[in-house]
Amino acid sequence: MATKKTTKAAPKGDDRQKALDAALALIEKDFGKGAVMRLGDENRPPIQVISSGNTALDIALGIGGFPRGRIVEVYGPESSGKTTVALHAIAQAQKAGGIAAFIDAEHALDPDYARKLGVDTDALLVSQPDTGEQALEIADMLVRSGAIDILVIDSVAALTPKAEIEGEMGDSHVGLQARLMSQALRKMTGALYNSGTTAIFINQLREKIGVMFGSPETTTGGKALKFYASVRIDVRRIQTLKDGQDAIGNRTRAKIVKNKVSPPFKIAEFDIIYGEGISRESSIIDLAVDNGIVKKSGSWFTYEGDQLGQGKEKARLFLKETPELADEIEEKIFRKLGVGKFAQTADELTDDPVELIPNVDFDDEDDDFDASTAPAGTFTEVTTEN
């Protein structure tokens, strides 16, 4: 007669807990304390952020700025303001006492323009690498030092593999840059989290050939960055600002197409003034009027009974000359919208229903989404621009 196969019974009750405690002790011995932990054991602080220097973008990001220890991708067409957004973040990090690094793979950083945006160029670490491998190796070493608060790589498209640089014109190097990015991001992600460094990758757009439906636009460097990025921002120039016949800047729209730290698909619109960068005061005025903090009567802007100026430009200049007032109005905006340090905690949340209407073009991010399968009432009708 064949012998019956017996299996060892799983430990029960206290025995299971003892077995788990023994396993955890062994793991901590081999890999260090904190290698495994219960999620509820540690009172984790809110996600730390680096302000973008732009009130509208801080609000769209949902947490008051770029998350620390995460990867951020900023992409868009040429001359849309991508580098300007990154330089403003560097300026804010430096103002808070942080150390910033800029990997200038495009060899196009303008120190004079950076200074006008508030960047301390004397303290800014800059590298102009020869190859993509060198750029990413330098970035990885800086992150692992634990001393860098913000790292900007400009741009992914300019991270040219060594084999391509040393090869002949016309040689095929299919997928080489994508493999390079995938390997680098696998190495850097954990180091970024441990060091609290924010890494901003600036990327360019390309067009896929033969696309019949949906957007033909895609970003360079393969798909790895799309997966590893906690935040992806699409930056577009939507309008030229003029003073009479002279162009003085651009109206820019930034759409948060991916956000792992807050609800995505929010949109921020702001002004970029030539030679000055993003106008923080202009964003404050727009948001304050929208939220009833600043009153607009005709062309006059009024705050708590005091006139800020006639016309938006004069009100903007007044706030620029009185930064304390601008800070006060900005704080009231953040408080009203519950952004950053004013975000509601679990104890403050209510059961009142909240209606969200995402500003999203469904052709932009997820081509496999089928709206017909969504529950009734999931979406409201939105009007998109041509």
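Just so you know, glycine gets a Cβ as well, placed from its N, Cα and C.
What Swiss-Prot records for G76, P77, E78, S79, S80, G81, K82, T83 is ATP binding site. For S80 (ATP binding site), the same-chain residues 6+ apart in sequence whose C-beta sits under 8 angstroms from its C-beta are V235, R236, R237, T252.
Marked as region 'Disordered' by Swiss-Prot: 362-386.
Taking each of the binding-site residues P77, G81 in turn and counting other Cβ atoms within 10 Å of its Cβ gives the largest count for G81. With respect to Cβ neighbours within 10 Å, the binding-site residues S79, K82, T83 differ, and S79 shows the lowest count. Highest Cβ count within 10 Å among the binding-site residues G76, E78: G76.
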